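The compositional bias 'Basic and acidic residues' feature in TrEMBL is assigned to 37-52. Per TrEMBL, the feature domain 'DOMON' maps to 110-225. What TrEMBL records for 24-52 is region 'Disordered'. The signal peptide feature in TrEMBL is assigned to 1-26. The transmembrane segment annotation in TrEMBL covers 263-281.
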Amino acid sequence: MAMLPLRRLLHLLVLLIHCGRPEVASSPTEEGALRGGHGEHGEPGHQEPHKDSYSTFASEFLESRYLPDDGYPFPTAPPVDPFARIKVSDCGVTKGCIRYGKPGCDADTCDYFLSYRRIGTDVEYEMSADTDGWVAVGFSSDKKMGGDDVMGCVHDDNGRVRIHHFYNVGQWAKEIKRNPARDEEGIFENNRVTCRFKRPLYVPREETLVDLHLSWYYLFAWGPAIQGSITRHDIDSPPVSDHMISIYKYEDIFMPSTAYQTFNSPLCLLLIVALTFYLLMGTP
């Protein structure tokens, strides 16, 4: 039998392979990809690699679930939590409170309000006063202003309330760079400065910083501020606690303001009785 030429044998082999392959209709996309495999002059063109199913699913899921209408790929950050209101129902139970003003007032209506409570190795203070400037508490050993460690909340011109550390020099407060306050927050609302901060319970004793595990007389002051700097307090004789305050004893102390002290004093009551008696009896 004559041998087929090598060229014809190869041609038949190609035909057999082509006949054994099932015909599949190519889609327009595939045709475009095939055409795109060569450039205008027959050079090989760039062919996009096929994406795997996981990456395709992930991208479609991200776009459908997290891509908003404005085109940003991720949602905006949630807003900062608003200032938590001071709870007076906890006074004398889980924290100590001192109120100065009208009888029955609370943190939103007292002339001055202070609370304290222990949280681990810290003491948390809350302060509020009827002012648009600053509110402060001082820790004193003698009930007198001068040489005292003071923490103040100051309302600045940008509307923020910041915590500052002061040291009383006579009747004036000098700001100290070493500020023990942390976790500070504050708000100015309804013409009131309100703040909350923590301060370490135990600190190395020094002139401008006291140990809060000891008992101290508490000095209360508030007043106006100019460009974020405190000025003289509103009243000439700021109120002071009548006994030393211990952060280990949660008290609920009320101190009547000057207006209510006048009508509650024994001397005032005696004068009112005498004046009433004089008016009823008449003059001779």
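Along the chain as shown, residues are numbered 1 onward.
Just so it is clear, glycine is given a Cβ too, placed from its N, Cα and C backbone atoms.
As the structure is a computational prediction, the values presented were derived from the model and not from experiment.
For the domain 'DOMON' (110-225), the model's pLDDT averages out at 91. Across the range of the domain 'DOMON' (110-225), the DSSP-based residue counts are 0 helix, 71 strand, 45 coil.
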